[in-house]
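What TrEMBL records for this protein:
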DOMAIN    76-418  domain 'Amidohydrolase-related'
BINDING   His85, His87, His255, Asp330  Zn(2+) binding site
BINDING   His85, His87, His255, Asp330  Fe(3+) binding site
BINDING   Arg94, Tyr157, His190, Glu258, Ser335  4-imidazolone-5-propanoate binding site
BINDING   Tyr157, Asn332, Gly334  N-formimidoyl-L-glutamate binding site
Amino acid sequence: MTKPDLVILNARELVTLEGNSYKPKTKEELKNIGIIKDGAVVVKDEKIVAVGKTDEIINKVNITPKTRVIDAKDKTVMPGFVDPHTHIVFGESRERELGLRINGREYLEILEAGGGILGTVESTKNKPEIELYESAKKRLDTFLKEGVTTVESKSGYGLETETELKQLRVSKKLGRTHQVDVVNTFLGAHAIPKDYKSYPDAFVDLVVDEMLPQVVEEGLAEFCDIFCEKGVFSVEQSRRVLTKAKKAGLLPKIHADEINPLGGAELAADVKAVSADHLGKASDQGIKRMAEAGVVGVLLPGTLFFLMNDEYARARKMIEEGVPTALSTDRNPGSSPTESMSFIISLACLKMKMLPSEAISAATINAAHAINKADKIGSIERGKQADLVIFDMPNHEYLPYHYGINHVETVIKKGTVVV
Ligand SMILES: N=CN[C@@H](CCC(=O)O)C(=O)O
Ligand SMILES: [Zn+2]
């Protein structure tokens, strides 16, 4: 065997997630996370070149003085987490809204009154590109320490062409310069700006006729998303934006049925979206249609937790019906200010009754499918990018169990130790 750059040996549990690079895990498959006891991984030129039991690998591998050898005795090794839904490029966060919400104001009510997303729009417009870059970089640093090695990043705090493009350029630069890989999504239709309050369709015109062509022309995004919600964008407006985006070469995603059951899940199936996200109020029919169409359901329990909801998305129903489920932090300045994928996994188990194995599948290989990158990341398999995390814990079940703690000890990105 060629001389490896890095070898991890003796992992008590090596959680490979193997076998689903071309199709996301559904139903029973979610529980099967491909654990190798006393596992080893071999890395060469940023890629995984061998995976197996330590005693088998050690006989095959040609360790040289240049090989970095990591002893993972008593540790658990997993693929880097993939976060398929974030809003990390923004001006200011909105901690003042916490007191308002504790006193009974609703999230959509705050938005209606010009706060919420619209408040962040103001602070984002006024920030120079370099400041947006520096603050988002810090968020990526935190993600990396939490074991997240790829994130999707949305615009949506501009709501006019110049600021939307500014956010996407910042995000793209982060992808080039930061160790965390960043995948861009255009979310020009994230809220209706104040000036368009009485003319929402005119704002949709602006999104599809002015913003979208420039985003595509500059190659600033792979996906297009929209906030389909009562008082924000209707199902028909969402259909229009996503259909146009698809024609222009961007893959559709949708913020669907987060707070009200509008039919966003059904629309996701109609337009063959890559993912439908939130789904707190998705209907039975919507769930069935998503399963048939193979739309990944990205669940964001951190958001419903932070918005003090008692009800969570019906993960068990979705799994039973065959929706490929994924998990995300939804890192943003107002409804989910966290980078902790581990905490999200705990919430998925405690509030949505997902098993630890199911939640881990949802945060790795299925999350990679939600951003169309499962051929490269999301599992520990030969030929995949060497994005690996070593956790100081005896098994995978310990992750959601000992909650609110970062168990990450070492992060390896493209074969290099970065944490
Ligand atoms: N729900 C809509 N958009 C974001 C929240 C953005 C914000 O509150 O700033 C979300 O996914 O939760
Ligand atoms: Zn979002």
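Every residue, even glycine, has its Cβ placed from backbone N, Cα and C.
Distribution of TrEMBL features across the structure.
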residue : record                                  : CB count, 10 Å
His87   : Zn(2+) binding site                     : 27
Arg94   : 4-imidazolone-5-propanoate binding site : 20
Tyr157  : 4-imidazolone-5-propanoate binding site : 29
His190  : 4-imidazolone-5-propanoate binding site : 26
His255  : Zn(2+) binding site                     : 28
Glu258  : 4-imidazolone-5-propanoate binding site : 29
Asp330  : Zn(2+) binding site                     : 28
Asn332  : N-formimidoyl-L-glutamate binding site  : 25
Gly334  : N-formimidoyl-L-glutamate binding site  : 24
Ser335  : 4-imidazolone-5-propanoate binding site : 21
Please report the distance from the Cα of Asn332 (N-formimidoyl-L-glutamate binding site) to the Cα of His87 (Zn(2+) binding site), rounded to the nearest angstrom.
5
Just checking: which of the binding-site residues His85, Arg94, Tyr157 have a C-beta under 6 Å from ligand 1?
none
Given the binding-site residues His85, His87, His255, Asp330, Gly334, state which is nearest to Arg94 (4-imidazolone-5-propanoate binding site) when distance is taken between Cα atoms.
Gly334
Listed in sequence order, residues with CB under 8 A of His85 (Zn(2+) binding site) and six or more positions away
Glu152, Lys154, Ser275, Asp277, Val298, Leu300, Ser328, Thr329, Asp330, Ala370
Distance in Å spanning the most remote Cα pair of Arg94, Tyr157, His190, Glu258, Ser335, given for 4-imidazolone-5-propanoate
20
Quick one: which residues besides His85, His87, His255, Asp330 have a Cβ within 8 Å of the Fe(3+) site's Cβ centroid, in sequence order?
Thr86, Lys154, Asp277, His278, Leu300, Thr303, Ser328, Arg331, Asn332, Ser336
Between Glu258 (4-imidazolone-5-propanoate binding site) and His87 (Zn(2+) binding site), how many Å separate their Cα atoms?
16
For His190 (4-imidazolone-5-propanoate binding site) and Gly334 (N-formimidoyl-L-glutamate binding site), what Cα-Cα distance in Å is obtained after rounding to a whole number?
13
If I take the alpha carbons of Ser335 (4-imidazolone-5-propanoate binding site) and His87 (Zn(2+) binding site), what is the distance between them in whole Å?
10
Give the distance between the Cα atoms of His87 (Zn(2+) binding site) and Gly334 (N-formimidoyl-L-glutamate binding site), rounded to the nearest whole Å.
10
Roughly how many Å lie between the Cα atoms of His255 (Zn(2+) binding site) and Gly334 (N-formimidoyl-L-glutamate binding site), rounded to a whole value?
15
